[in-house]
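Engineer: Here it is: the structure, laid out below.
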Amino acid sequence: MRVSQLFLSGAVLLGVIVAICAVGPLLITTSTTDFVGVPLSSPSAAHPFGTDAFGRDVFIRTLAGGRLDLGVAFVGVVVPLLVGTLIGIASGLVAGSLLDRAVMRTVDAILAFPFNILILALAVVMGQSTTFWFLPAGVPGILVALFLTSWSVYARIARGETLSIRQRDFLVAAQVSGLSWWTVVRRHIYPNVLPATLTYALSDAVLVIGVIAALPFLGAGVQPPAPEWGSIIYDGRSVLSDAPWVCLGPGAFIVLTGIAVRLMGQGSRVLSEDAK
């Protein structure tokens, strides 16, 4: 019961944050770049988070930035989760082979570098002016960097889980019954491996959101004028003593999102351990 409450509490909190960030900008006609009042105005009924140094509404920019941050984090976690899990399963099924050794050496090479530094380097190499479809400048580089690095952890977890269930009775019975390898993987291996990688994904989401928010402080990340939680805080650091509300709003959203996902991750982890 405690586990379900942890997961449910986090899911409800995250759902509220996602709903506010997704629906809020659609109900407000003011643009994120519009001049709406005196620069650095304190919070009011008209502008709950006040205005920034350019007279823009911080509340509107925070909601729009949340939509971007949460969207990038979702894609940046789900794609490596699916790809890495499949690669890890394939590697585990042929453990000891040339393919398995090649995959594991690649994983070891990626994990040998500090995650934040590797993401920053790849994001810079991709270019801060690169755009794609509706994505603002800087976002494609972040996503590519996440795709190229994050899959490695999921592959290692999935390989370990695959090795642990290869010799279980239900899997041996499935093979003896004449089922194809693809059917065995789809029906028996993938469903048993996914909970472990999914549990890590919830923890990984917190890290990804933190990295995205930290990139502006390292000279990378989403480029202006596109709003993003980290860039809003970065822009507000110079007026922190006079107008702390510029940073408090997006900072609170980052903290609450981290708490929500963390609660979900803890609940999922304990549930997965109990299931074993």
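Note that the numbers count up from 1, one per residue, in the order the chain is shown.
Keep in mind that glycine also has a Cβ here, set from the backbone N, Cα and C atoms.
TrEMBL entries are annotated by machine, without manual review.
Marked as domain 'ABC transmembrane type-1' by TrEMBL: 66-265. What TrEMBL lists as transmembrane segment is 7-28, 72-95, 107-126, 132-154, 197-223, 243-263.
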Engineer: Decide whether the stretches the transmembrane segment (107-126) and the transmembrane segment (132-154) have at least 3 CB pairs under 8 angstroms, with pairs required to be 6 or more apart in sequence.
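Structural biologist: Taking Cβ pairs at least 6 residues apart, the transmembrane segment (132-154) and the transmembrane segment (107-126) are in contact, with 3 or more under 8 Å.
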Engineer: Grab the same-chain neighbours of the transmembrane segment (243-263) for me: Cβ-Cβ under 8 Å, and only residues 6 or more beyond its ends, written as numbers and ranges.
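Structural biologist: 6-7, 9-11, 13-14, 17, 21, 40, 42-43, 48-50, 52-53, 58-59, 61-62, 65-66, 70, 202-203, 205-206, 209-210, 213, 229-230, 232-233, 235-237.
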Engineer: Same chain, outside the transmembrane segment (7-28) by at least 6, Cβ under 8 Å from its Cβ: which residues?
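Structural biologist: 60, 63-64, 66-67, 70, 253, 256-257, 259-268, 271.
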